[in-house]
Protein chains: 6
Amino acid sequence: MEVYGMNAVLHRAQILVEALPYIQKFSGKIVVVKYGGSTRNEDSTSFFQDLVMMKQVNIHPVVVHGGGPEITALLESMGSQVQFVNGLRVTDHTVLDAASMVLVGKINKQIVSQIQSYGGNAIGLSGIDGKLLLAEKKQSKDVDLGYVGEIKEVNCTLLRGLIEQGYIPVISPLGVDHQGQRYNINADTVAAVVAGALNAEKLVLSTNVAGLYVEENGEKQTISAIGAKKIAEYIASGQIHGGMVPKVQACLEALSRGVQRTHIVDGRQEHVLLLELLTDTGVGTMVTKEDDV
Amino acid sequence: MEVYGMNAVLHRAQILVEALPYIQKFSGKIVVVKYGGSTRNEDSTSFFQDLVMMKQVNIHPVVVHGGGPEITALLESMGSQVQFVNGLRVTDHTVLDAASMVLVGKINKQIVSQIQSYGGNAIGLSGIDGKLLLAEKKQSKDVDLGYVGEIKEVNCTLLRGLIEQGYIPVISPLGVDHQGQRYNINADTVAAVVAGALNAEKLVLSTNVAGLYVEENGEKQTISAIGAKKIAEYIASGQIHGGMVPKVQACLEALSRGVQRTHIVDGRQEHVLLLELLTDTGVGTMVTKEDDV
Amino acid sequence: MEVYGMNAVLHRAQILVEALPYIQKFSGKIVVVKYGGSTRNEDSTSFFQDLVMMKQVNIHPVVVHGGGPEITALLESMGSQVQFVNGLRVTDHTVLDAASMVLVGKINKQIVSQIQSYGGNAIGLSGIDGKLLLAEKKQSKDVDLGYVGEIKEVNCTLLRGLIEQGYIPVISPLGVDHQGQRYNINADTVAAVVAGALNAEKLVLSTNVAGLYVEENGEKQTISAIGAKKIAEYIASGQIHGGMVPKVQACLEALSRGVQRTHIVDGRQEHVLLLELLTDTGVGTMVTKEDDV
Amino acid sequence: MEVYGMNAVLHRAQILVEALPYIQKFSGKIVVVKYGGSTRNEDSTSFFQDLVMMKQVNIHPVVVHGGGPEITALLESMGSQVQFVNGLRVTDHTVLDAASMVLVGKINKQIVSQIQSYGGNAIGLSGIDGKLLLAEKKQSKDVDLGYVGEIKEVNCTLLRGLIEQGYIPVISPLGVDHQGQRYNINADTVAAVVAGALNAEKLVLSTNVAGLYVEENGEKQTISAIGAKKIAEYIASGQIHGGMVPKVQACLEALSRGVQRTHIVDGRQEHVLLLELLTDTGVGTMVTKEDDV
Amino acid sequence: MEVYGMNAVLHRAQILVEALPYIQKFSGKIVVVKYGGSTRNEDSTSFFQDLVMMKQVNIHPVVVHGGGPEITALLESMGSQVQFVNGLRVTDHTVLDAASMVLVGKINKQIVSQIQSYGGNAIGLSGIDGKLLLAEKKQSKDVDLGYVGEIKEVNCTLLRGLIEQGYIPVISPLGVDHQGQRYNINADTVAAVVAGALNAEKLVLSTNVAGLYVEENGEKQTISAIGAKKIAEYIASGQIHGGMVPKVQACLEALSRGVQRTHIVDGRQEHVLLLELLTDTGVGTMVTKEDDV
Amino acid sequence: MEVYGMNAVLHRAQILVEALPYIQKFSGKIVVVKYGGSTRNEDSTSFFQDLVMMKQVNIHPVVVHGGGPEITALLESMGSQVQFVNGLRVTDHTVLDAASMVLVGKINKQIVSQIQSYGGNAIGLSGIDGKLLLAEKKQSKDVDLGYVGEIKEVNCTLLRGLIEQGYIPVISPLGVDHQGQRYNINADTVAAVVAGALNAEKLVLSTNVAGLYVEENGEKQTISAIGAKKIAEYIASGQIHGGMVPKVQACLEALSRGVQRTHIVDGRQEHVLLLELLTDTGVGTMVTKEDDV
């Protein structure tokens, strides 16, 4: 090996050792990561590498994924009509089957095999398998959304067993009730509830924006940290709106279930998960219980 | 409770007790069941009840399923062309995704939730999950079939762990290699290889015919038991042909891997799995290593 | 197999599957069964079959037996005198040895080997073995009954260990104190206390009458369910009297120790244990904590 | 405490420490002890203390007991006739019940509670319980001895589990076959076979003579050590005869099953078990595989 | 073996059995023993034998040792000056290294190998190893004592694991903080804190006096038992003074942490540990929480 | 965080991920590292960081250390004479105590606390503790070296238990025999024997030269890989000589005991352990069984 090469390796070793204190901080902890549907079209190589690296250094990622746009695409390619009421997809049998096919049969297996291609071992599960997400029909006023569910109980024994055996669980957001009826469930909510049930150290929601922002004087200001009270104000004033509302609500849900830290990060950013772990302040927006953390 | 009712219950109790010796014979044993694609359209209620009953009496079913016709249907509904060479499906990326969606995302979850509706707890896995079926590209002369694989190794630790925790594993016939490349695998072969790897007591292949038959003088004769040598003769003479050939080959494969008994049964028959267990001679055709059993 | 035979087997399979929901209700639970001395002379084949069937479907029976009449018979055959004070047997050394011989050496081993003859595996223990029933001398006013004991503590670790290893424990109603002094203990009480200590789901007392009855207008009325308060009234009024009093008191004892359901059933009835499990209302009399259940 | 007392305690401490090397030699090992029927009438206090002491210092005794004379006594007290053919008891149903009552119901429980009175915890089992001694009918030429069995298999899992949980197993010499038929078995043979199955370090047969002796010139000469070949000679020459023959045969049986050392000791001697352990040469007669040990 | 020899062995067996009740009282319990520096120069043979004997009879000793005089000797032989402030050793780097060398490298290994020479298996650990004694700098008014620490946490998982595997832990009184800074800690305090953390049954402090004494009328009166309140009085009045003060304070510390009994014994007495266990009243002085025990 | 900072972190993340394949290659494996006495005076910060980093990424280092020069220094400071015969230290009682003090009491604890200062958890053991290195006196012709030992057996159960609990074992090269006699043992040999006993993946000997070299034409040529046969030639020809001979012999010893790879590296090189792992060819000299690897 020439001198040049050895210097490069030495540099590599130094970098590894600099990362050590950051890694030790989360060693043995569970981090639930929501892998956003909208960021999936980008090249996600670094995202999967980060998951494998985390597992290798004894941090335990659990992945929850969505897939809304691809469900719509499949339904359209099959000639089915897609119907939304107040922004929520009406889920009949056809839609449920399409969602299950896209989420469990396609996206989940792509994530699992991508993780495996970097030497990790992932195991894909829907909330149906082993009654991982025991659910019931979500009650909504005025309108019947069909097979849309909410979670009653998480099978933590199953998840913890797999985590301890060295697997990275990858969860599709479907649930099942005791009668075997399957339900579609919002993926952000699944991530929040699973994080709470597993006593996760962190919930990381990967989105396609650079964290949470408010518009002041017509300019977008990214927020690095925000508390629950402030969020309520911003939602009321309309400063947080649209797709960001369910994200912050998922964060608040996780916090109320005992998760220590929740983060909204930009899934398009290379190595966003390692960046989140290897920096003191994190990247994106940290949503906390108290306003001043 | 009226007298009449009590007599009925007494009868029920007597029946249960009569079944005891048959149940004890297989207590604690693993039975791999191939759930045939072609029988799936019928009402399969009794099939799922049988699986749950088996698990309840300490017999451990492992289900492998297929789904060829539905893969074709999905591809057609999406406007894709289906191509076969020598009866084997050419599997490009589109076909692989469609197979994965139908097998893992639809059929597997239907089976899992059906089992759950009768009070069992099933867990659906593809061969990709946890590298359950470590595979490599199947080499075939003359023609490139694309992503069609054959199994190199079964992750028995994962399966045995789930079985011991009380789950009924339901396996979709897909595999993965160390680089994360996924493959479609023949479901009968998966059932045979998994049965061998788990040291299963029985392999039961559920088909849409009344077991194996030969035609003599233009009449179909169902065979109740047959050995390997006789099968070779019948295949050579064309008496066993068509869709039955891969079934008997799967049986021989399982036998060569140490499975005690293999059976080809009629999946359309009500309670066919319990019938198989509760009778001295079994139903359908038993394929054995030696000709005279 | 002829068509007739196959229909019979199909009927058997259907019956099994119909029993499934009843079985699932008690799956993994412990049921303590008092096997009554007075019913032992009848043909008890179905009783032992029922125990083995229960164990096979993952319900865990624990058997406690009595044997008063046979103790008396042995003592008489040996020329010893039997003395009762207020209906209680005075237990000197000779009586204690005779009781131990009949209970542990004869009846217990008969039960154990009967269960084994139907393919179950039973293990017979007296309360002396492993200090299973740690006891002390029962204090009674006016009269010294000799070596008659009451239970201070049950060795649940020993029992649970055997149950998990697949054994059906069969317990003879003798106890021992820390000084190695053995005691005779009432078998109904043993059953109640053991049921409480094991957090059993059910206590079933098998007797030689068709459950609890009251006499109204000179006619016996079998009671299907009764609560603690009503029982007190009936005992006070003399409507429950004689041998039934200790039975209902054992039920109340078990209920006060946290057992969910207690039943007094007719041990002479064929398959009485399975009947109890396979019917919605049970057979015989259910004694509950509250009057209106 | 006065000076005198302290000196006595110091002496006690010194004695304990002197015993240490002897104890360490057998630490963690299993010693099977046959507790002879004929020595049972003496005061056996020290015998039970020795068992408890052994267990306390991490040597694991397993006790097998006999009880022939008391079986005869019970049968006679009940007016039954006792029949022997060539010195072997003909065992019909009545005899089997009597043997079971005396062995399991009386002697076994006396031993168990005696051990408990010195602070040990014993658990009494017959070979029937948990199919501890799986047996079959002993075939003998010319004469049908009835329910006399020989051992096919020992349930070592059960015994080892109890030993590890801190219990001293006490075994009554009865066996059972798969059909639930019980058998009477020779206690010396049970001890030898159990010792072999458990890979015991020692088999100690307690008798009512001072070890094995030969008569030379009309004088009894106690033998301190003897090998298999010499024994054959002595039996042939009649120098070993009568009740000693089955004892030495049991020793040879144990040796052939891999037991390291076998001893015939005088059960009437105070603390005979500790003497055996605490001396370099042992007490009584050591029977070995080779003649010169 | 001659008659004389056998009588001697019989005597030995009787002594062993007489010790049984005393041994049983502490069976399975942990006893923390402070092995005093000042008694180390005497012949300690019997001390190590006692430890091995205790472990053999299922009593679990944990040894903590000191070594002040030898630290001073080493420092002097190396030409270093030893400085004390108010009787406390000022611990700079040189002193810390010397203490570590003497305690861990010399005394600890001597104790460990002595125990091993009697057939026990000891494992020597300093409080640094496995962060056994997590410490911080001891704050003292007026003067900086350097690297003198106090214990924040004991790694009980490590200790219990070793105890269960059959080892006798031997602990040197050094601690470490999270930054890897090592500290010297008072050995009596270590013994008290470790005894509390392990829920020890007893703390035995071995000294070079015959227990605690008070001087009345110019005569030393050894106290056999004393309570906390009385001790406070005696310290205030100066009746307990000098080296005895830290001993009684260590006892009180242990009592306040839940240890049942604490004892100050004369380490020069032969077999002092066994004497302590084998007598009803113990030897030396028992310090208790309440004055009247 | 400013842009500059984020780029730096991104770079860090990329470096981590590039290291992943190297890390995965050794994941779960044991690497025995000899930490050389002569390199200890340099700043070893990076050496300890590397050990902690290895453990964090699931590679299990076991450290063996030496300390010859410091033993000599202590002996001299205490006024003792140091005697060597043929380059081997004559080890009398004084020397043995000094060696034990320096090795176990000083160097071992420094290494342990250094590792802890970077967040790892180390546990220091001499070969005496738990009879980790069971030894006997090394026989040498002509001269009596005193208490110099060689290893008979390694207590792998103890080491593996500690490794699995997350500790980095740090071993001082002393041994003990069954009589409690302690011995000094050559540290390179200890490393080789321990590596063999643990089935280590690698043995890394850290020295104060840049690997193995030969002198050709008066110039030092560092060898990157060499086999056993070539080494024999070089030793014979004197090309490998002096302090390098025991190093290569330790490598050959390890290889003969089944270790896969052995390396002689330059302990003065920063991050030498990570360099060894993170490069394809390693650093220093790899000594292999076969000449052409």
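In case you wondered, yes, glycine gets a Cβ from its N, Cα and C as well.
The domain 'Aspartate/glutamate/uridylate kinase' annotation in TrEMBL covers F:29-266. For F:Lys34, F:Lys247, the entry in TrEMBL reads site 'Transition state stabilizer'. Marked as substrate binding site by TrEMBL: F:Gly67, F:Gly68, F:Arg89, F:Asn184.
The binding residues for substrate are recorded as F:Gly67, F:Gly68, F:Arg89, F:Asn184; their greatest pairwise CA distance is 13 Å. For F:Gly68 (substrate binding site), other Cβ atoms within 10 Å of its Cβ number 16. For the pair F:Asn184 (substrate binding site) and F:Lys34 (site 'Transition state stabilizer'), the C-alpha distance works out to 16 angstrom.
Using the Cβ center of F:Gly67, F:Gly68, F:Arg89, F:Asn184 for substrate, the list of other same-chain residues with Cβ within 8 Å runs, in sequence order, F:Gly66, F:Ile71, F:Thr72, F:Ala99, F:Leu103, F:Pro173, F:Ala187. Least crowded of the recorded positions (F:Lys34, F:Arg89), judged by neighbouring Cβ atoms within 10 Å of its own Cβ: F:Arg89. F:Gly68 (substrate binding site) sits 15 Å from F:Lys247 (site 'Transition state stabilizer'), taking the C-alpha atoms as the reference points. Cα separation, F:Gly67 (substrate binding site) to F:Lys34 (site 'Transition state stabilizer'), rounded: 11 Å. F:Lys247 (site 'Transition state stabilizer') sits 10 Å from F:Lys34 (site 'Transition state stabilizer'), taking the Cα positions as reference. In this model, the domain 'Aspartate/glutamate/uridylate kinase' (F:29-266) carries an average pLDDT of 91. Rounded to a whole number, the C-alpha distance linking F:Arg89 (substrate binding site) with F:Lys34 (site 'Transition state stabilizer') is 20 angstrom.
Classification of F:Gly67 (substrate binding site) by DSSP places it in coil, neither helical nor stranded. DSSP gives F:Lys247 (site 'Transition state stabilizer') a helix state. Of all Cβ atoms in the protein chains displayed, 26 besides its own lie within 10 Å of the Cβ of F:Asn184 (substrate binding site). A strand conformation is recorded for F:Lys34 (site 'Transition state stabilizer') in the three-state DSSP classification. Other Cβ atoms within 10 Å of the Cβ of F:Lys247 (site 'Transition state stabilizer'), summed over all protein chains shown, number 24.
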